[in-house]
Every structure is written in C-alpha cells, then in structure tokens.
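For Thr127, the entry in Swiss-Prot reads active site, nucleophile. Residues or ranges marked as N-linked glycosylation site by Swiss-Prot on the basis of sequence analysis: Asn62, Asn69, Asn112, Asn153, Asn441. Taken from Swiss-Prot, the feature region 'Phosphodiesterase' covers 76-438. Positions annotated as topological domain 'Cytoplasmic' by Swiss-Prot, on the basis of sequence analysis: 1-28. Residues annotated as topological domain 'Extracellular' in Swiss-Prot, with sequence analysis given as evidence: 46-493. Sequence annotations record features per position, and here Swiss-Prot assigns transmembrane segment to 29-45 based on sequence analysis.
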Amino acid sequence: MLLFEQPVDLEKNNEDDTNIKPFAISRHFLLKLLLCGIILIELLLYSKCPKPIDNGPRTIANRSNTYFNGTHDFKTLTILISIDGFHPRLIDAKYTPFLYNLHNLRSPYDMNITTAPYMIPSFPTQTFPNHWSMVTGKYPIEHGIVSNIFWDNFTSSEFRPNNLDARIWSNTADPIWQLLQTESQGEYKVATHMWPGSEVVYEDHGDVPRERMPFYFGKFNQWEKLQDKLAQIFRYIDMPQLKDRPELVISYIPNVDSYGHSFGYDLRDKRLQKLIGEVDGFFLDLIEGLQKRNLLKISNVMIVSDHGMSNVNANDGEHVVVWERVFPADAMSAFISHLYNEGPMMMVCLKNPRDKQWICDLIEAQLEKAYGDEISRKFHVILKEDFDPSWKYFQYDNRKHRYDDRVGDIWILADEYYAIVKEMGDVPIGIMGTHGYNFNNCSDMASIFIGMGPMFNNEVVPPFENIEVYNMLIKASALLGEEKTKKEKSLLQ
C-alpha cells in the first residue's frame, strides 16, 4: 500500500471565528480588506505546508504527537541500516554518488545531515560483536558477544553466527528493542530485518520477557535481493493501523562483506563497482520512498557499518601463516580444547589454563621455527590478561567482567595485512579480505556513519565509537527521559 503524496500537517490551526457587524464600507476600504484577506489566506496555506529544515537542531522530543501525511497518522519514524564491511573509502563520487553527496552534507530534499570521517568499531572488529555493540551501547566484553565464535562455559556449547541458542543470547546485554518495548509497555514497536542477534526466539525460555524479541523480525537470508529488502522495510512502514506500525526499523545488508572476503576491496574491480552502486541505489530508493509518502520530515535515518576490510596477499607465502605448521595436531589435542577464529587473530582455549604461560612461549617459539624471524614478528602471541587497555577488551578497566570466561586463554594477533588460518586447505588463492584487527593499529577497520533527519544538526562531527549509536536510538525514540538513559553523554546531547 502506497501512502499517497499529500502535505504533512505538522501544525494545528487555532484560528477563532469572529462576528463582524455590518457598517458602511468605502471602495478604498474594500480594496484594503480584500488585500488583507488574500495575505491572510496565503499565510494560512503556508502554515499547513511542511516547513523546510534549517541548519539547526530539529529534535522531535514529544512522542505523544502524531503527524498526518495526507492519508494516515504517523509517529516519528527511525530507520537504522547497517552495511556489513563497508569502509569509508567505498564512498565514491563515481560509484556511490548518493552516499557521496550525503557524506558531504548534500541532500536533494534539504535534509539535515550529520556525518563523521569514520566511526570507530569495537574490538574484535567482527560482525556479531559490533552489531550487538550498536544496539546495546556496550563493548563486546561488556555485552557478551565477545567474538564471532567462542566457547560458552555456562551452556557447554560453541557460539557461531548461525547459533540462535536462546540460552546463550539471553545471557547477553539487553538490546535497544527490549528497552523501548518494555518502557512503553508494548506500545512502541520495533521491527528488525536480518540484524545479527535479532531473530533469536525465546518462547521456550520461560524466564525471558517477550520484549526481548522485536515485535516484528525477519530471518537471515544472504541471497536476498536489495529490492526485496527495501520492499520489506516499506511493508513495515505502510501498515495501515498506527497501533500496529513499528516506530523503529532496523535492517542489515551483508552483500559487500561477503564479496570482500572472497576478493578484497579494489575500486578498480568492476564487480565491486557494480555491487556498491546497487547499495547506493538502495539508499536513494529508500529516501525517495519516504519522500513520496511525505514522511521524510518526520523520519530519522542512520546508515552505519560494523567495520571495514583489509586486503591480504595469500599468494606470496609470507602474509598468511598456517596453524598446523606451527602446532602439530597431536600436541594440540593434548593441551588445547578449542581453537577459534581465523584471519587477523586466533583464540586458543586451553584444557588447563594453568599451562597458559609455557604454552604461550611454545607457540611463539614454534612460529619462529616454522616461518623465520621476519614473518613471525608480524604475529604477536599474548595472554588474555595482556591486552592493551586501550582496546577495551579483557579487563580493560582493571575489573572483572561477567563474560571474561568467554575469552580464550591465549591470542595470536596478526599485524595489518597478515593473517593466520588453521589448515593448508584454508589458504585462499589470490587476494582475500579480512577483518578483526584492532582499529588503533589498522585504519582499514574504520566504519561509516551518516545520520539524516530532524534530530540531527547539519554538520561533520569528529569520529566517535559505535556504541554511541545506541544513545542516538534512545534519543530518536523520544520515549525515555534523559535520567533513564544511564549514559553520561551522547554525541547528540
């Protein structure tokens, strides 16, 4: 159902009727009266039209307001969409002209736009930890999804991206949809589409509230076409009843990341040009769809990514090391219980954590023996207790965290443009793309942020951490008072 284009009624008409008694009127007075009437009519018509957005803040702070778009009443709408693996350098005047214009504060519809040169991802720069950071406002060590893959001692099971085990997910920080749906007693509805962690079903997990699940959610489908994704977003927005319609829509685009892992990022690659051009067209169609529905002036749209991508040369035998050459299988089975992740890092879980120091030293020695000093120096073997506090990971603030036991005992961390894989068969051919590096050491991990709509100023802000997205969603909801955000500051405060 298309909500047809009509002016958005953002103001009430409070004019009073006035009784005018008859009296003698001159021609000159009649002309003046007619002229005043014309001016008055024009002013009244103008007051009914949507006002242009200026360059100042336009936060809509009262959720009790409804807005008429010509056919239906609406609450303010917030849309958050993440492009997995999208680095700022992919924003290009030639291949992504719409995103390029937005990033440079140029909009065809006079929208307020806030951008940053880049957004800072959390460590590890992987998909699931960072998407959960954006919807919880916490670092991975604080929200519980400490990596794309880890061992959960509580359930004695392995977490992977396709693991929807409610026992693991219920033991993580509360997402934004749980907060907003709980605070509104179900009146505020959230719809998600493929956002990592949003499709977990808790119905058989009796102690978990229903609000832990988005009111509407869609299952992951990596083959979904972008136009089908857009159609689903507008199906949510076009629901005829105000009480059924979600006020927050959250969606996820996996296409760019999937391509980058296989081929890396090179803007000379015509396949990559085509792919990011399709993503650009998706966002143009989204904004134009909102404009056709006369919803643009009451919609806040945020375009983000979880991390970037770094290219690794897998052909030269120098940039990729193989674990099975470092630690033989029989030795591994004797001391190591689990081995997780590949690429920029490897997480080693020991059968007996008391062995960690000498096994750490052994791995370091075996690396040098297998690959020589020059290559082995690109890989750093550390205990989890030795993470730099600036990474905001294991006990970064000198205190224990609830999810410390999900972090492996020993880590192998590669320098930028280097990677580690488990077996020879895992070594790709040619250039591969990977992510997981700490942003402080690898600018390729940077992500994007573009915010547009009435709650934003028209400006470029300094880079900020992606946990701030959570604060913006709270502000956009106009649901909670500042004292309930439990945050000392927000980018938009």
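Every residue number used here counts from 1 along the chain in the order it is shown.
Each Cβ is built from the backbone N, Cα and C atoms, and glycine gets one as well.
Taking the features listed in Swiss-Prot, we show where each one sits on the structure.
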{"residue": "Asn69", "record": "N-linked glycosylation site", "Cβ within 10 Å": "21"}
{"residue": "Asn112", "record": "N-linked glycosylation site", "Cβ within 10 Å": "22"}
{"residue": "Thr127", "record": "active site, nucleophile", "Cβ within 10 Å": "22"}
{"residue": "Asn153", "record": "N-linked glycosylation site", "Cβ within 10 Å": "10"}
{"residue": "Asn441", "record": "N-linked glycosylation site", "Cβ within 10 Å": "15"}
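Of the candidate glycosylation sites, Asn69, Asn112, Asn441, the one lying closest to Asn153 (N-linked glycosylation site) when CA atoms are compared is Asn441. Comparing the Cα of Thr127 (active site, nucleophile) with the Cα of every entry in Asn69, Asn112, Asn441, these being the glycosylation sites, the smallest distance points to Asn441. The two recorded residues, Asn441 (N-linked glycosylation site) and Asn112 (N-linked glycosylation site), have Cα atoms 33 Å apart. Spacing of Asn112 (N-linked glycosylation site) relative to Asn69 (N-linked glycosylation site) is 20 Å (Cα to Cα, whole number). Summarised as a single figure, the pLDDT of the topological domain 'Cytoplasmic' (1-28) averages 40. DSSP assigns Asn441 (N-linked glycosylation site) to a helix.
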